[in-house]
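Enquirer: The structure follows.
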């Protein structure tokens with residue numbers, strides 16, 4: 001029997017294995033939701049995230065015809081409250097099931113994206129397991145956090161781009177930026193990748209597939225340089241049809257969602273869902289290195305210059321990453337997300353899920369072995385986080401004044417994040433998402449998706 005026929009025969013069993021993973025993951029999440037209901041009723045420490053209570057209260061207000069922003073600390077899109085209105089008349093755990101379903105959808109999208117790039121099934125399975133069986137990710141949805149919905153939309157946008165569905169990608173991108181502001185950082189790399197040598201009218205973009213060689217051999221310096229984006233080429237086709245269409249549709253959807261929300265909820269929506277996230281200063285302890293400065297000077301208003309300076313590290317790193325890696329789109333937005341969280345003015349644990357959903361998509365192109373280098377990075381990152389949490393526990397639950405050691409722990413956490421990020425970049429095999437149509441002769445050699 002030929003190898004092709006053997007691979008064809010193996011496909012049903014491979015699909016069954018992946019489906020079994022999804023079924024087991026679903027049962028695990030259902031169990032955690034049911035267990036969470038029991039823990040909330042019988043134990044002092046609640047399983048349910050405090051944010052879920054805020055979401056549910058806002059949804060209840062919306063269901064009764066009032067503004068969800070009457071609920072203090074609700075600072076999200078009205079769409080979230082709308083999605084959770086069944087909490088009021090169906091069951092209070094409706095939202096948890098919705099978020100957990102989105103969590104499973106993320107796993108399915110990860111598998112789909114990797115298969116589209118011809119990653120072997122075994123590697124696909126391991127990559128999906130990094131998401132589905134990560135204790136942090138399978139608890140965040142079951143505890144009632146909405147981030148899995150955002151992750152699912154972002155992966156769907158990537159999948160739409162890979163399939164050449166620019167209209168869908170633009171629509172969902174405008175929607176996800178309205179739903180959660182932070183994906184706005186992906187606008188520039190997406191626009192840059194919509195090159196006329198990649199997206200041509202009437203043609204599906206050709207993907208650059210995974211191959212065995214790139215899993216074993218690190219990229220040379222010359223190869224890395226070829227992946228730096230050619231600025232001159234960009235300027236020549238800056239206003240291409242695809243870029244203009246994507247910008248107009250995504251911008252139109254974003255503005256339309258905001259206009260409808262503003263029509264119903266006015267300045268409350270504008271301030272709580274949008275402006276608040278741009279000017280947020282949190283005096284409570286969090287992972288950010290800025291928290292101590294904000295805590296010491298919270299009584300006074302920060303000047304515009306001080307607020308701008310706090311954004312400069314983020315802007316600088318973002319532009320540098322986009323310039324270097326935009327053609328390797330998935331890797332670029334992963335790096336952007338990690339850097340955005342690392343240098344943000346406020347960092348909470350739920351933000352980590354923003355890049356957890358992208359991590360499985362870059363693993364097949366990484367040369368970092370779990371033993372020892374990968375293990376070292378994991379220990380360093382978790383160790384720095386645990387060290388911070390110990391000081392946070394002393395402050396929060398014991399009432400001990402440990403603000404200075406806690407700030408030092410934040411500095412160490414920043415250093416750990418930076419070290420791990422640099423190692424990931426160094427051990428990554430740079431691979432553009434799309435092949436470029438250099439000429440009519442070379443286009444005949446482009447391997448298109450089956």
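Note that Cβ sites are derived from N, Cα and C of the backbone, with glycine treated the same way.
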Enquirer: Among the residue ranges 59-79, 122-142, I'd like the one that Swiss-Prot describes as transmembrane segment.
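Expert: Based on what Swiss-Prot states, transmembrane segment spans 122-142.
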Enquirer: If you look at how Swiss-Prot annotates this chain, which of 244-264, 265-285, 286-306 comes out as transmembrane segment?
Expert: 244-264
Enquirer: Please indicate whether the topological domain of residue 18 in Swiss-Prot carries the same name as that of residue 309, placing both on the same side of the membrane.
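Expert: Domain labels match for residue 18 and residue 309 in Swiss-Prot.
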Enquirer: Among 220-240, 346-366, where does Swiss-Prot put the label transmembrane segment?
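Expert: The listed stretch tagged transmembrane segment in Swiss-Prot is 346-366.
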Enquirer: Grab the same-chain neighbours of the transmembrane segment (244-264) for me: Cβ-Cβ under 8 Å, and only residues 6 or more beyond its ends, written as numbers and ranges.
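Expert: Those are 67, 77-79, 166-167, 169-171, 173-175, 177-178, 187, 190-191, 194, 270, 273-274, in sequence order.
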Enquirer: Do the transmembrane segment (315-335) and the transmembrane segment (149-169) come close, with at least three CB pairs under 8 A (pairs 6 or more apart in sequence)?
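Expert: Contact criterion met.
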Enquirer: Please list the DSSP helix, strand and coil residue counts for the topological domain 'Lumenal' (336-345).
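Expert: DSSP classes over the topological domain 'Lumenal' (336-345) add up to 7 helix, 0 strand, 3 coil.
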Enquirer: What average pLDDT is reported by the model for the topological domain 'Cytoplasmic' (115-121)?
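Expert: Residues in the topological domain 'Cytoplasmic' (115-121) carry a mean pLDDT of 93 in this prediction.
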Enquirer: Which stretch, 21-41, 149-169, 174-194, 346-366, tops the Cβ pairs under 8 Å count with the transmembrane segment (122-142)?
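Expert: It is 346-366 that shares the most Cβ pairs under 8 Å with the transmembrane segment (122-142).
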